[in-house]
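Take a look at the structure below.
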Amino acid sequence: MSPSKNKRQKTENGHSNGDSADELWEIDEETLNSGAVGFTASQLFIKNPACVAYTYDDIIMMPGHINFGLNDVDISTKLTKEISLKVPFVSSPMDTVTEHKMAITMALQGGIGIIHSNFTVEDQAEQVRKVKRYENGFITDPICLCPNSTVADVLKLKEEHGYSGIPITDTGKMGGKLMGLVSSRDITFITDTSVKIKEIMTPREKLSVAKKGIDLHDANEILKETKKGKLPVVNEKDELVSLIARTDLLKNNEFAQASKDPVTKQLLVGAAIGTRPEDRERAAALVEAGVDVIVVDSSQGDSVYQLDIVKHLKSSHPKLQVIAGNVVTPSQAIHLIQAGADGLRVGMGIGSICTTQEVCAVGRAQASAVYHVAKFARKYGVPILADGGIKSTGHITKALSLGASCVMMGSMLAGTDEAPGEYFYQDGVRLKRYRGMGSIEAMSKGSEKRYVWENNSAHSIKVAQGVSGAVQDKGTLLRYIPYLVQGVRHGMQDAGVKSLDETWDKLYNDKLRFEIRSPAAQKEGGVHGLHSYQKRLF
């Protein structure tokens, strides 16, 4: 067919006549409706005669037209009605995932961390305070030793944490009077590990220190002048209040994306509570500590216990943002929205360490759960948090494209440097412990309230809804989160959407297209046909 004849045919069909180089032709309705370019979310999830629920792996997004650069993709979002994030990532309130170090780094990278509740009330509140007290470049909870500690103690800390620049205080704890500093060069030639630190440390009078209130610029100047790796910060009583490390100063110089309170400029942080009466006192302590959002943590969120505590939180702490859940259907969600929830957590039995669907025979495939709850909650302006089932950046992109405002991750973050626990080696692989909050081990530490609402008698039997395991080392979040961000941006660019708002507009106007993948298609879409391969994330 000649170009001129093709141009005439397009004009007769009502499309572009080709006169403008910038105007692109569009697919005719017959082709569009044939399934040649995929199917709408409505066709997949609503017009569903087979009554099938879908997971992330079951679906694939159709590519769109790219007319923008990768850096033009905006993934800023809403965590709740009032809290905005630059990055739609939330760390799960699990005791092998989120404590203050994870929460600090997540907030610095534009997301947020939710402190788990397997703490005493006082300890969980202190975890929140550590995040709120954090100042960029200042270590507010350094590991300390006392003068009577030994070289063996230093070597043990170096093996566990990878550093040996340790402040020495009279109490061996943060807040004690500064007595000295021990570094790797102090112990290099010491063969007797029973030698006490006070005999080899650099004493207080020879240390360069900074006074409380110093800013990062001045601290950096002191480090430049003294050529030291560590700079203790003390108050007027010469008590240690923080520590500045040259390496951290270089790494943490600027975090433009950081999630901060617009007024106080403190990092944002969340915390989890249960639904028992005593959790009201826990919530009050967390609010006093400065928590920004509370996640009411239940495996099945549609209960009178959760409705009562959500109503209590919204009436007793009107400015507090509350995320309720977990839910997987609109019929669950409507009760929590009615109670005043500012956000919803979606997912039941789909985490890598969760056995709820196997044990209890209740739950839902996550792609279907996210789509239906997000579509319903949107009517009330309530964002949803896709919780669980995330194994790759592709899963994150799919969750967001199905209506989730954020994703909550557990196993994806559990192997990072900032996650609680120590690394260990198994078959030559560097690992960290990871366990479900429904595992017997986690339940014994207090997480049973997530699965059993009444106070159990002494003879009650715990039914595990999770397992314990290990995940591979992923390095520091300072490298890992940027990798995840870039992966999501690539996915959105390939789908032809520049922002999450545009994604959802196309989703609900049947412009975003998907297909269901057969088992063979899923296999084809992964690595295959190789004798062996090495998979590197970044």
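Backbone N, Cα and C atoms are what each Cβ position is placed from, and that goes for glycine too.
The active site, thioimidate intermediate annotation in TrEMBL covers Cys354.
For Arg450, the entry in TrEMBL reads active site, proton acceptor.
Taken from TrEMBL, the feature NAD(+) binding site applies to Asp297, Ser298, Ser299, Gly347, Met348, Gly349. Taking the Cβ of Asp297 (NAD(+) binding site) as centre and 10 Å as the limit, one finds 28 other Cβ atoms among all the protein chains shown.
Positions annotated as K(+) binding site by TrEMBL: Gly349, Gly351, Cys354.
Taking a C-beta cut-off of under 8 Å and a sequence gap of six or more, Ser352 (IMP binding site) has these contacts in its own chain: Gly389, Lys391, Gly410, Ser411. The annotation IMP binding site is assigned in TrEMBL to Ser352, Asp387, Gly388, Gly389, Gly410, Ser411, Tyr434, Arg435, Gly436, Met437, Gly438, Gln465.
Per TrEMBL, the feature domain 'CBS' maps to 138-197 (among others).
The domain 'CBS' annotation in TrEMBL covers 201-259 (among others).
Taken from TrEMBL, the feature region 'Disordered' covers 1-22.
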Next item on the list: Provide, as an integer number of angstrom, the distance between the C-alpha atoms of Gly349 (NAD(+) binding site) and Tyr434 (IMP binding site).
Entry: 16
Next item on the list: Express the distance between the Cα positions of Met348 (NAD(+) binding site) and Tyr434 (IMP binding site) as a whole number of Å.
Entry: 18
Checklist line | Tyr434 (IMP binding site): tally of other CB atoms within 10 A of its CB | finding: 24
Check: Hey, of Asp297, Ser299, Gly388, which of those binding-site residues are within 10 Å of Gly351 (K(+) binding site), Cα to Cα?
Finding: Gly388
Check: In sequence order, which residues at least six apart in the same chain have a CB under 8 Å from the CB of Gly388 (IMP binding site)?
Finding: Gly347, Ile350, Gly351, Cys354, Gln366, Met408, Gly410
Next item on the list: Pop the Cα-Cα gap between Tyr434 (IMP binding site) and Ser299 (NAD(+) binding site) into the table, whole Å please.
Entry: 18
